[in-house]
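Data block below; observations after.
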Amino acid sequence: MTTNRAATDQAAANQAATNRAAANRAADDERQLSTRRGHVGDLVAGAAAPPAIPGRTLPLRTELARQLGRRRTQVVFGLVLAMPLILLGAFSLGDGDGQASGPNLVDLASGSAANFAVFTLFASASFLLVVLVALFFGDTVAAEASWSSLRYLLAVPVPRARLLRQKAIVAGLLSVAALLLLPIASLVVGAIAYGTGDLVSPIGESLPFWTAAGRVMLGAVFLMIQLSWVAGLALLLSVSTDAPLGAVGGAVMASIVSQIIDQIEDLGVIRNFLPTHYGDAWSALLASDVDWADMTYGAFAAVCYTTLFMAAAAWRFTRKDITS
């Protein structure tokens, strides 16, 4: 009888343990099911994906990679590299029978690498470099609008101020690279074709090659600052229109008109306020003793115009109704 009671107690204990294990499994299953339901709800509500941080969207490296991969950028840099070769070919085909009354930059261009680089900068500054800067900045926002991708960028979300800043920085980097590449390529091509002799200016002064090379690069730096007003105007036009060609063409046309008006001497001191008036001020670097006055005025005027245009572009873009 005692044996039967012990067996009964053991069976009851086993049954209780089995019931507890089943209850625990059921509780675990319920918890897992609740967790799965919660995850599904989060996915439906869009809460599973971490929210985008506006301050980290559209990083510079991404925008720079996009712009470097565009055919437009590759053509521009190819043209910059080809420009010295085109001029070298033109000099090689020329007959050298110019009838100028005295030496000028064209006559002296084939004298040395430094002279060749100086001529290349002078020949390119008033139009080619203007077009390059206007192209990089005028194509920033207007191109996205023309592709109907601007509103999707803003929905990432990329704050408007950040988008404009990132695109302007990348456009500035590309412009600086192009403006530095031109004199460097000119010096290399000139050194191969004409040697590394002294720079001889039209007034007869001469500078050693390495000094002249440094002056040429300083001239390129001044042109970066001087052409910044073109960048600011092109950016303003880019946020004001959905047509990239209109933004680029508008900035180039403004430069041409300013250069034409600057030729009217009857305007007197009014010409000093034109953004292109000091465009050739870097020629003072060709002298042994550099006169920095005109370059200082030109840089200050360019910075003022650039600040005005950039501020207007930011104001316009942050208030613009984006539909494309």
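Each residue, glycine too, has its Cβ placed from N, Cα and C.
Curation does not apply to TrEMBL; its annotations are automatic.
Summarising the annotation, TrEMBL assigns compositional bias 'Low complexity' to 1-25. The region 'Disordered' annotation in TrEMBL covers 1-34. Positions annotated as transmembrane segment by TrEMBL: 75-93, 113-137, 169-196, 216-236, 243-261, 295-315.
Comparing 113-137, 169-196, 216-236, 243-261 for CB pairs under 8 angstroms to the transmembrane segment (75-93), the maximum falls on 169-196.
Here the transmembrane segment (169-196) has Cβ contacts under 8 Å with residues 60, 63-64, 67, 73, 76-77, 80-81, 83-85, 88, 110-117, 120-121, 124, 129, 132-133, 136-137, 139-140, 209, 213, 216-217, 219-220, 223-224, 227, 231, 235 of the same chain, all six or more residues outside its ends. Distant neighbours of the transmembrane segment (295-315): 161, 164, 168, 222, 225-229, 231-233, 235-236, 238-239, 272-273, 275, 277-279, 281-282, 284-285; these residues of the same chain sit at least 6 beyond its ends, with a Cβ under 8 Å from one of its Cβ atoms.
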